[in-house]
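Participant: The structure follows.
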Amino acid sequence: MDLIAQGYGTSSDSEDASSHKPAKVAKITSTSLQVNGAPDVSLEDPSYARHIYTNPTDTTLAVNLNYDSMLQPVQGPINPFASKSQEVRRNVWTGHVEENMFSENDFRTQQQSYAAFGFAKDPSVLSVADNGQSGSGKKGTGFVGDIGKAKEMDGATIWDKVPKHLRNNQNQKKRQTRGDPSVLEGENAYRGPWATFEGDGIGELSGPTEEERDVHDKQREAAEVEKLARNKATPAKAIANGSETTIFHGKEEHDYMGRTYMHVPLDLDVNLNAEPGTQTCFVPKKLLHTYTGHTKGVSAIRYFPKSAHLLLSGSMDSKIKIWDVYHDRRVLRTYMGHSKAVRDVNFNNNGTEFLSASYDRNIKLWDTETGQCKATFSKKTIPFVVKFNPDDDKQNVFLAGCSDHKVYQFDVRSGDVTQEYDQHLGAVNTITFVDDNRRFVTTSDDKSLRVWEFDIPVIIKYIAEPDMHSMPAVAISPNHKWLACQSMDNKIYIYNAKDRVSQNRKKLFAGHMAAGYACQPSFSPDGRYLSSGDSEGNMWIWDYKSCKVHKKFKAHDEVVIDSAWHPHETSLLATASWDSNIKLWV
């Protein structure tokens, strides 16, 4: 077919019509036009284009959807590897919970009917039963549970009258007859309103049967045999008084001038005779030395008074060792006199003597230089803490907190108990002298803190709150104004140590896990930092002013039970752990 296209003239009227040239003819062949008998036609419903598709698991929508869009079926490819439980549209962890309007009365009725008969009506409104009611139930019956019984009872509830043969009280006990009022004894005796149910055994002799008695006798005999076998275990052999021993591990006890390790070294770049706390302290950054010598966990460490050139340690291997902090950094002497684990050690003011408390129920007084045991004190109870009176004129007096809820005051010269403080209701864990040593503070397993006047067994302050936990470790600040108490709720609380002992609510140190362990806190010499170990072997250091964690580092493999800052170094920190090691950090 040939199509002739006519051209258009110009819009100018001044041009002559004769000047127009004929337009070119566009010739289109028949092959340029094709007829498609089956064009592509969309089979989708045009209304789908107006829907907004959402994820079935979405719980929040950013737009308002119409009703039709929200009720569209789930579309898209099916996961061939999904299990049946994954195909369920869950809105809770265990499946899909459907929210419906259900009155409280109807709910209780169906709940009790299900408990009594084993079936109840399906409360769903998204499905329809065969009879046209909401809730399809099992197989379109409209009930869930025992469908057969539901059909037999015609869907009755607890409020409907049920035939006698369908009731659940068929196996109930029958009540005895009231009896004949004219008969006082015998089978048909008068019981009246006191008639019991058959089989209750009222009036019959009660007690275990012969079989039960035989079983009980066998269990008792087995328990006695086990107790005898347990008692045959050989206990730790007690060390008799006067048989204590000591071992000196150095080459010579005296140097060329006749001085022992008690002499304060003067060949160091640190003045060990200076006043503690005069220098600014910093957080330790690296491990300096590891002391290995104890075979079991270390329970307590104490620096030598004033100079701190020696370190004393008590261990669960029943031994006490003294270590050199400078020079060779080796063990100098071992003190052996306890038969069980050592719980606490404490120097006197000049360091010539120290006390050791052990689980063998003994407190021993040792000579630091010679290793001689000067005296042994015992009240037949376990001492948990021992403390010399810090006053120079009372160095013959020390206090011991014991497991019998008492604090005993001993006189070293006579060996007698001169005073008892017995107001606690649990084992005494700590003793701390405050207020220029006129008073002392004790903490106990009874979750209380008590303040005592020295040598007067009367409480002058008692602190116990319902939310308080036991505080088995207490440290006093270098200025003797504050007490840091390690609590069993993984927190360190601060108490005022001056005239009025009270909690400082603005100071609280947390973050570590120390519950169940008496991890001893420690202040830096300048009071800027507070440190404590935890049950996972970590060392925590807080800034005391801001109460924020300044540093945390892995110190030991097991619980860090004690830590102590060197009074003359800027960043020397000693840590003791139940992994039997003592470490110096600088």
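Including glycine, each Cβ sits where the backbone N, Cα and C put it.
All TrEMBL annotations are machine predictions without curation.
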Participant: Of 1-23, 93-115, 231-253, 277-299, which range does TrEMBL call region 'Disordered'?
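Facilitator: Matching range for region 'Disordered': 1-23.
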Participant: Let me spell it out: take the repeat 'WD' (291-333), skip the flanking residues so only those 6+ beyond its ends count, and list any with a Cβ under 8 Å from a Cβ in it.
Facilitator: 246-250, 261-262, 264-265, 268, 272-273, 276, 339-351, 354, 356, 358, 360, 366, 368, 371, 520, 558, 561-562, 564, 566-568, 574, 576-584
Participant: List the helix, strand and coil residue totals of the repeat 'WD' (553-586) as derived from DSSP.
Facilitator: 0 helix, 18 strand, 16 coil
Participant: Would you list the DSSP helix, strand and coil counts for the residues of the repeat 'WD' (335-376)?
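Facilitator: Counting residues by DSSP class gives 0 helix, 23 strand, 19 coil.
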Participant: Do any residues of this chain, six or more beyond the ends of the repeat 'WD' (522-546), have a C-beta under 8 angstroms from a C-beta of it, and if so which?
Facilitator: 276-277, 279-281, 283, 475-479, 484, 486, 492, 507, 509, 511-516, 552-568, 573, 575, 577, 579, 585
Participant: Tally the residues of the repeat 'WD' (522-546) by DSSP class, grouping H, G and I as helix, E and B as strand, and everything else as coil.
Facilitator: 0 helix, 13 strand, 12 coil
